[in-house]
């Protein structure tokens, strides 16, 4: 599932002062040179198992990707240094704008669906409901399913000719759209499938947030004569803002990286109508052998994600209530 | 509205009755809506199963909602005509190794960040956390080139290596270790225990719930991972479930019974794991959202 990432970073910032780890080495064996060396070896022994793969398979490649982005390379022949040409050609290629726009379309369609849906479910599950655990379990089920399965199942449900959705619509005399075979409906199909999968994830996060709200707040609001909607907007949502913030950060990071479901549902089609950034990176690398350009595009994506995340973390003080 | 009504009208017998009935109507409506919603959410799973039991589905045929003549033909075809048993084994093998190694690298790193004092600890931890923001896609090209140089393309090891360190796992276990009282380590130190003993006999047993959460997430992450295995594993007999499933679609464009049978095979282990460890999965997600 999930890059539970940036929150970790956001969480770290708000968390650190509250629960500091006392830097207490449990050596207690005097400052002799031999024991200092021994201690250093202990630290290395605990750190290297994670540090080696981090350096070799994350940080190293990250830097290498920047290098590759300045070259003309097809993965086979020796790379040729071409400076900023890849970035220049990407910025002038209208398809670059298109893939970012399609990705944005995905995010703008997906985010309100999962947030409003997840909030409604979380509110319902937070009330005195019979069979809450079972209901929560069912709503969460798609989260543990792989994107590929989700994409395939929805491709089948939304099959234009004999998929169940259009069959049911047909009963009511509605001619269903062509879904993933229609350029106008390809992205809505992907959004629908993705929202179905992630609804339970958002629900659980918001539910956890709701459960930290002190019930006295509601009683006080009731005494003041606040109705249900008023309590939702004046009590629940402000107090839920840390969880909302988390959902926003995660959804935007994952949204910009949308790929699996696109690859399996439409492959970016029809006619490139659902081509997203990562699908383009994949195609550039493995279909067209333009690895340098692909690296440049992936760095552009990384910078966009970084900027969006930083802006959100910066802006959180304005609306996130860490009461 | 009703509140103001009851305060204005001092008819004691009327007010409570009205109020109770209103609550119970809302109560019933809420249940009906939630159950209907759950059925809709569940329907795609049901439909997957039904389709997999309806031979010929998709070839102009929409399966019946309750199949009158269910058949396992699609499963038989899946396992006899393709190396699907091998594919399932591959997925299990890769997920198991990923889980074990991630547990090891996460627990040791978490101990270093929670219990060992060394220069640059905060900085190193910060770098680890920052890696969580790097999309895998940024790394594909250089990783592919690197593993190609090592001769590891189209090998299990090539698929495994990049999954060995997990910043999320390290973060999760460090948070858990920070909750373990330092008095425990101090007592053990007085008894002459070194860091390795403390790590093994005190720390690990005390963070079991977090370990369970990590096991579930690591296994699930590997089982469902797509992009990297797609890039590395080329031979059909090395492929994992998601890759094989995506491939089925190309090969049998219209044979939805087979594609859905493959999906059922892929879903069931996750479903079992989820039912078995629901508490840890939900807790893991919920905790990640609380500041």
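Glycine is no exception: its Cβ is also placed from the backbone N, Cα and C atoms.
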Looking at B:188-209, B:210-231, which stretch does TrEMBL describe as transmembrane segment? B:210-231
Which of B:27-47, B:92-113, B:156-173, B:210-231 has the most Cβ pairs closer than 8 Å to the transmembrane segment (B:258-277)? B:210-231
Counting only residues 6 or more past its boundaries, what in the same chain has a CB within less than 8 Å of a CB in the transmembrane segment (B:210-231)? 91, 94-96, 98-99, 102-103, 106-107, 136-137, 140, 143-144, 159, 162-163, 166, 168-169, 172-173, 175-176, 204, 239-243, 246, 266, 269-270, 273, 277, 280-281, 283-284, 287
Near the transmembrane segment (B:125-144), which same-chain residues lie under 8 Å Cβ to Cβ, leaving out any that are not at least 6 residues past its ends? 109, 113, 153, 162, 167-168, 170-171, 174, 227-228, 231-232
Grab the same-chain neighbours of the transmembrane segment (B:92-113) for me: Cβ-Cβ under 8 Å, and only residues 6 or more beyond its ends, written as numbers and ranges. 121, 124-125, 128, 156, 159-160, 163-166, 169-170, 172-174, 176-177, 195, 199, 203-204, 211, 214-215, 218-219, 221-223, 229, 240, 269
